[in-house]
2 protein chains.
Amino acid sequence: MEIYRFAQEIILDAGEFIRNRMIEDFNIDSKLNANDLVTDVDKETEQFLFDKIEERYPQHRILGEEGAGADIEDADGVLWIIDPIDGTLNFVHQLENFAVSIGIYIDGKPYAGLILDVMKNDLYHAAFEQGAYKNDEVLHDIEESSLKSSLISTNANWLVREGINAPFIQVVKDARSVRSLGSAALEFVNVVRGTSSAALFFRLHPWDFAGGIILLNEVGGITTTLLGDEVRLLKTNSILAANKTIHGELTEYFRDDDSFIKNHKAFHKL
Amino acid sequence: MEIYRFAQEIILDAGEFIRNRMIEDFNIDSKLNANDLVTDVDKETEQFLFDKIEERYPQHRILGEEGAGADIEDADGVLWIIDPIDGTLNFVHQLENFAVSIGIYIDGKPYAGLILDVMKNDLYHAAFEQGAYKNDEVLHDIEESSLKSSLISTNANWLVREGINAPFIQVVKDARSVRSLGSAALEFVNVVRGTSSAALFFRLHPWDFAGGIILLNEVGGITTTLLGDEVRLLKTNSILAANKTIHGELTEYFRDDDSFIKNHKAFHKL
């Protein structure tokens, strides 16, 4: 559990680093400056985490959104998968609702997942088969629910993209209501907290889901592709993160749509 | 300004009333209980506000989401338009992201708008031509922005409703990104704060927009129907709340769509 505790320390440090950088440089009235700042802070935060991990665990490998480990092709050994700022548009436009996400895998098996809501400084963390926490508070198993009585999360982009949108449209019609937060990591967190019953994405990168999958597993949820297949850790995937009941219900919408299946396969090079 | 100050007092009291009711009765693990609770708390909170207003200002009239003033057909005198819980599904499923909304109009003219983010206990308030505030902090004029560089808010429902969805779909395709929060009052607040550049709704009731319109006006924004027409205070309306630049851009999407215009007219009995 030493690596897990170390991960908790450095993700909290990364959050403080980001908040300080925002105070230093941020002209709150200018979205243009914010665009530049997020690029800088994204890279600096990845480097900040990279340096800390490399100093402590020189043998570990790191795959990051900003380019670290771009040559990694297998999951051997200890692999850190990091998104220094998940929800960059929220960072730019809202100054909130963005996260640092870390997933740690050992020989491809889940070890620990951590997501920090940076502005609230709330840390969601879980080690495999050890339960999930919000800061020091244990998170309980999520409730089962059906689509018609559930809030779910997805992005409007998928509803307007021809070739794949038919099942998304039917899901929206059948759901109780739909929310879009704009940070995949925090949409995972909402499923983990039970404030959303499912989160649906047509495309996520490893750093978008690596931490969330482990967290959700610890509260009784499940993550697969939209078709119900196992997520490939080092590739882009469609993602369905949900309680098990609604998960089963939702995969049927996508499995029953030949056009979706064909385009999903082509897009993700399956 | 006496009425304005009184409104600030009672909306904060209403927030405390709601939070206390949640603590008293809320079995946090049961969405089913939450469905019952929101019905009760909605009605009780409207009654709570109704009693306070009637005691202090017996001559004022009140139009509320839960049935108060259902017979009101004109805006003469001092009219309070109240939503005791805006974002009821968020109340039920998230225990956050819901609001109390109050708009006060005198002979149909804007007097004061107040929206309380209940769980954050943040009060957004404005008196006509006196500026807008978040608690004691002055809110600055919002920035102008174009659709392609903006986050906007809308609900997935409008994207999947045949007959009206074509312009919504094109807006989503052309926007930088789309968010859905699930509380009209708080989506107004996000435009007022500048964390969203526009909020689009196909149908809102008076209590959903009465407070927000006044707040947004005080930071240089504008609210009309999606076609750019003046909002009818006592009727359902489509609503476009935005900075003036993106507002002009967005109305063109809806004005150019004959099917939308026809169905919009029929739906709102224009």
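Cβ from N, Cα, C; glycine included.
Not measured: the values here are computed from a predicted model.
Residues within less than 8 Å, Cβ to Cβ, of B:ASP208 (Mg(2+) binding site) and separated from it by at least 6 positions along the same chain comprise B:ASP83, B:ASP86, B:SER101, B:ALA184, B:ALA185, B:PHE201, B:ILE239. As annotated by TrEMBL, Mg(2+) binding site applies to B:GLU65, B:ASP83, B:ILE85, B:ASP86, B:ASP208.
Every protein chain considered, the tally of other Cβ atoms within 10 Å of the Cβ of B:ASP83 (Mg(2+) binding site) stands at 31. Around the Cβ of B:GLU65 (Mg(2+) binding site), the same chain contributes B:ASP42, B:GLU46, B:ILE82, B:ASP83, B:PRO84, B:ASP86, B:HIS205, B:TRP207, each under 8 angstroms and 6 or more positions distant in sequence.
Under the DSSP three-state reduction, B:ASP208 (Mg(2+) binding site) is assigned to helix.
There are 32 other Cβ atoms within 10 Å of the Cβ belonging to B:ASP86 (Mg(2+) binding site). Neighbours of B:ILE85 (Mg(2+) binding site), defined as other CB atoms within 10 A of its CB across all chains, total 26. B:GLU65 (Mg(2+) binding site) falls outside any helix or strand according to DSSP and counts as coil.
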